[in-house]
């Protein structure tokens, strides 16, 4: 690999003020208490597990080569290498975290062999449990527990007769002649290794900041790449960029700058470590267009480039392509909150230092507010519980659950056309559903806030959105049958189950009391803001406002709006602006036929429905505080099942 130079020049080349040395001590005390690190015994167990996996993999390579007619000598020389990436490779993983592994095999071993004979070998191993494989994914994967350690195993197939011990996957030439799945599998260790090289000058500080950032993201509910937020690779790159900009900074200074800079980052200007280069091996490289590097992309490109966080290794790609306007709004708010908290920490520490009251051993509480548990479950008045249900085999349910979780951000995007100010998907799976009707179940929660200015009529109907989501996404699951189902339930704050607040009765009671107190303060603030919003004609929808700002930063490209008839498809125009309906549709009137645009689907037996109805009187956190005397009923009839509505 050629020498890689940082794209951005350092902001500061001098050491931070001396006061941050004392603040570093409080951060270390905080990390010792709050940021979990595996014991030496657990680290050695992981090393033994990886050694056993390497032995199994190389034995499998030899057996496949022999089965295809190679001599014992050639089969032994075929080799095979095992690499790791991500948090384990960087040494920032938490206790119990999985290990991202990539096995590199010669051309005699195909991906079909990987999911056939290697899978069979693993299933026969006495220490392997919970093995699942996803062969049709963009990056095919097997996941399993080996001696209690979770392994995510990818497969890379090189056009070589043997994998030499000296193979360097960091060299770009290793990608010559490989398929896309192999390129994406190798991308993990290649990116991880390059990040290490780019921050090697200040690696220990990088590790400390990254550990705190990961804990912060998980506590605040923004850690999940597949659900539209940030994952490990995103935080690796962002923290590495801060280390580049402040090469001599200490951990506490870097952490404060991490929040301060990304709270005000001019998205969609990319967060990028080095200039993307195209080495001509046929893979798409993000940023080859100079306009992309300036963040000046046309509006239609913003959908997957709201917060570009670009990987440093060839071929460069946007690792945050799953961020949508709604998660974008959540992420921006959380970074802004983190920046404000860090300002208070620095000010409080300076005040204590001036009074001689800072004890490094007990200074950790200064940082507690930063990683305070998310207020998601008291932030909204209305929630959708997305219940995933299964009555068949556990393996089938787990496969369906994994598939559906990777599609939930699509549901949020489809709901974006409805008159809602906020759609907040919480990136955590809860093992208990709100409709305990199945043998296996889990639940995800979505917080909703109504846009009163665009909401008219008696109810908000999700029939169209849910039908489209089922047809476009859920229905693509290959093993979908009558034993697998998804049901939505509308819940108010008071109806949220205890499981989302804590593990025992005392914790639940304390959490609920805290939540109620916070809600009273929030409701008063919202009432004041609502009065101000009535006189303000600006955009109140958090996601649309974020899109407007991103489009403006991208060069003034116009966002398609409700009044752009040429830019908005007729099928969704009624969802973008329900005020276009002059009067409610009467589906019971003689001779009634649906018209375009329409707000309610035909609910006859020929068209299954999800009637997720939220009445206009329901406050949804932004309108009046009318007592909830009526429970909103939701009836789910998925399109796949064509159930009879009568008698349900």
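Cβ atoms are placed via backbone N, Cα and C, with glycine included.
Note that the structure is predicted; figures quoted are calculated from it, not measured.
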Could you tell me which of the ranges 578-598, 599-619, 620-640 is annotated in TrEMBL as region 'Disordered'? 578-598
Under the DSSP assignment, what numbers of helix, strand and coil residues are found in the domain 'Poly(A) polymerase RNA-binding' (375-434)? 24 helix, 16 strand, 20 coil
Where DSSP helix means H, G or I and strand means E or B, what are the helix, strand and coil counts for the domain 'Poly(A) polymerase central' (206-352)? 79 helix, 8 strand, 60 coil
Looking at the domain 'Poly(A) polymerase central' (206-352) alone, can you tell me the average pLDDT? 89
